[in-house]
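Here is what TrEMBL says about this protein:
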{"type": "ACT_SITE", "residues": "Thr195", "note": "active site, nucleophile"}
{"type": "BINDING", "residues": "Arg223, Ile224, Gly225, Asp226, Thr245, Gly246, Glu247, Gly248", "note": "substrate binding site"}
Amino acid sequence: MGGWAIAVHGGAGIDPNLPAERQEEAKQLLTRCLNLGIVALRSNISAIDVVELVIRELETDPLFNSGRGSALTEKGTVEMEASIMDGTKRRCGAVSGITTVKNPISLARLVMDKSPHSYLAFSGAEDFARKQGVEVVDNEYFVTDDNVGMLKLAKEANSILFDYRIPPMGCAGAAANDSPIQMNGLPISIYAPETVGCVVVDGEGRCAAGTSTGGLMNKMMGRIGDSPLIGAGTYASEFCGVSCTGEGEAIIRATLARDVSAVMEYKGLNLQEAVDYVIKHRLDEGFAGLIAVSNKGEVVCGFNSNGMFRGCATEDGFMEVAIWE
């Protein structure tokens, strides 16, 4: 074993004109989350606990699209989803349609630990949350002024906005009509989701992964993306832990996170080779990114979009936070 390693992401696909101050804010948040995970790993906290700890921090900060600051549905509400997986015995938990739970990743953890199921959604998940005594808030807690403004632009453009953070410069409608990017044959305005995720391998070689998101701005009510789907947006095994971000429908079709583990197991690839392989050969015309760790203490970030908010650190002192290639 090569010691512990951790990686975090805040979404793949980024507006090339993203203001410098926004870039700096993202880097500071990623650095803060990495340091939180590093301290926990140095204290011998298990991989699965570190994943939950770090994603809770990301959900609490409104900068990215998870928890507070989540993208809004077509009706101006928030429907969140999250999943978590412990690679040791491939135990997992996932939730969708969450509207009042302050930290969806912790509810996903409770589904894994305290229920006989792997996935709960909508009213059933909300009822389970209350029975477990988790912290709940009004849906308005998750809504920010920035997102209300971006939903208005999305509706004016009659489109789904992938990057709900792109500043309202120019004509949103033109962006939607001129974009070559499509989802299931329908034009999408701008590609740049900001789902969050964390992957960890601890000092015992145990891998874990988690992903949390608010989904797409102006999405249809009830839409479920890749983030809560085990094997698509999140996967962990004895070989690795993976969290994905990007065009959810493409990630679902590719079962992207599971494929990283599968090619390591069946083709004998190392982590870097596995990540390169799935990014190149499994996304078809979709755009996505992922972070991954292996049981050997390796950490890899890969994407085929123009950038990905990401950071990683290893026990030997390596640490990096980056946005672009």
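Note that Cβ sites are derived from N, Cα and C of the backbone, with glycine treated the same way.
Using a 10 Å Cβ-Cβ cutoff, Asp226 (substrate binding site) registers 30 neighbours.
Within the set of binding-site residues Asp226, Thr245, Glu247, the entry lying nearest in space to Thr195 (active site, nucleophile) is Thr245 (CA atoms). Glu247 (substrate binding site) counts 28 other C-beta atoms within 10 Å of its own C-beta, drawing on all protein chains shown. Of all the binding-site residues given, namely Gly225, Gly246, Gly248, the one with the smallest number of surrounding CB atoms inside 10 A is Gly225. Pairwise Cα distances among Arg223, Ile224, Gly225, Asp226, Thr245, Gly246, Glu247, Gly248, the recorded substrate-binding residues, top out at 16 Å.
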